[in-house]
Amino acid sequence: MSAWGHSAEWGAGRSGEAVRGRPHDGLRLRPLLVFDDPAYESDFVRYYNRFYYRYAQVSLIVGMLLVSADFLVDLLASKATPANLDRLLLCVPLLGLGLVGSFADYARRHWQPVMSGLITAIAGSLFWVLLVIDNQGGMGMTSWVGILNFVFLEFYCFVVLGVQFRYALAAGAIVLAMFELALLRAIGADSGAFLYLSYHAATLFILAAGIGWWREFLLRKGFAAQTSLRAAQNVLRNQNGHLELEVEKSTQRIQRTQDVTIEILTSLAETRDNETGNHIRRTQHYVRALARRLQSHPAFAAYLVEAQIDMLFKYAPLHDIGKVGIPDSILLKPGKLDPHEFEIMKTHTTLGYQTIVNAEKRLGTPVAFLACAKEIALSHHEHWDGNGYPNRLAGEAIPISARLMAVADVYDALTSRRVYKDAMPHDRAVAIIKDGSGRQFDPDVVDAFVAIAADEFKTIAARYAD
């Protein structure tokens, strides 16, 4: 493939497509260093101008310093050549005028042709001065100084000045033509000397042009690579944004499915029990109130982050899901259960746990959000002193979620009316729970309950009263 190949070599593409965030599908570069795509070329020119406009201004200052230094060196070498002063008086003011004029709006917008024109004017004045120096018997156009000044001007055009290659080529060609004319005038009829010097001048022009071409070629290649990279990054950003949106939608769908599933399971438990739907709502609000109170407690802070509190609130209604497996004769019995019936009733904890485990087995993997539901269903009747059921867990071996649920469930059971009992007053229920601290309930949870019972628990009970 030639040097003007497609994006497989350059790794770039069309500017318009890069702006829209799509990968480039092709890029061709002409020999005079112009991209085929006008929009892409415009982008490159803007990119180029942003940096090299200031670079060109600095190069004018460098030019003034070099001309001044050249004058001083020639003055020391040949004091009898007054035309040296003309070089200083012509070239330095031209460079200074170009520097001042470069701040004008027109020069800023068209700085490349302006700078190119300036360097040709300086070259013309410099060659004229060298001709005068020749006439004064000094080292001018026909000496090595003439070639040296020509080399400086050509490399100044193609490298130092910072203009694009097509402007530098035009300016460099004009400088070469002026040099040839000045050389012809200086040498006169000596065609051999003229051809010899012209050959070297043309060779130096080609060398400087080649360096200038290669400089811009690398700049364009780097620009194309950067643009291609930005386009790829935009594509990835857009794709990531789309994927994040899809993940969010999928998460919301899963969340809605989970919520509906919980509502269905909770409703199923409600239809089998004398307890009302408001019992479910009260207990989940009680649990959340306790969790918020304990959130800053050192023993609970690591567990009771906001996400976990939300999960406790959501899955608290499943604490009695196992009651769907208890016979109606026991579950709906209006009087006190006998010991045998109570043993059967106690199995609702393991039945609820096993129901959730079976659901996980059908999915083929443990489900993180069901872990909280399993803890609550299985352990909310465990006692702090180890005399609860079903596993006689004690102390901190009881999951925090179950410890919170135990207080919330007992308080609601005490303060709610049932077919076999009347509702207990709030203060009496609080006293019973306080009495169970350290035996049935976690003392820290009881302390949190006592702190908020008179305010939050009573408010929740009133809001969701049967």
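One is the number of the first residue shown, and numbering goes on along the chain from there.
Cβ atoms are placed via backbone N, Cα and C, with glycine included.
Per TrEMBL, region 'Disordered' is recorded for 1-21. Annotated transmembrane segment per TrEMBL: 55-76, 88-107, 113-132, 144-161, 167-187, 194-214, in sequence order. If you look up TrEMBL, you'll see 254-466 marked as domain 'HD-GYP'.
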Can you tell me which recorded stretch out of 113-132, 167-187, 194-214 has the most Cβ pairs within less than 8 Å of the transmembrane segment (88-107)?
113-132
Among 55-76, 144-161, 167-187, 194-214, stretch most in contact with the transmembrane segment (113-132) (C-beta, under 8 angstroms):
167-187
Grab the same-chain neighbours of the transmembrane segment (55-76) for me: Cβ-Cβ under 8 Å, and only residues 6 or more beyond its ends, written as numbers and ranges.
84-85, 87-88, 91-92, 95-96, 98-99, 102, 111, 115, 118, 122, 138-139, 145, 152, 156, 160-163
Suppose you look only at the domain 'HD-GYP' (254-466); what would the mean pLDDT be?
88
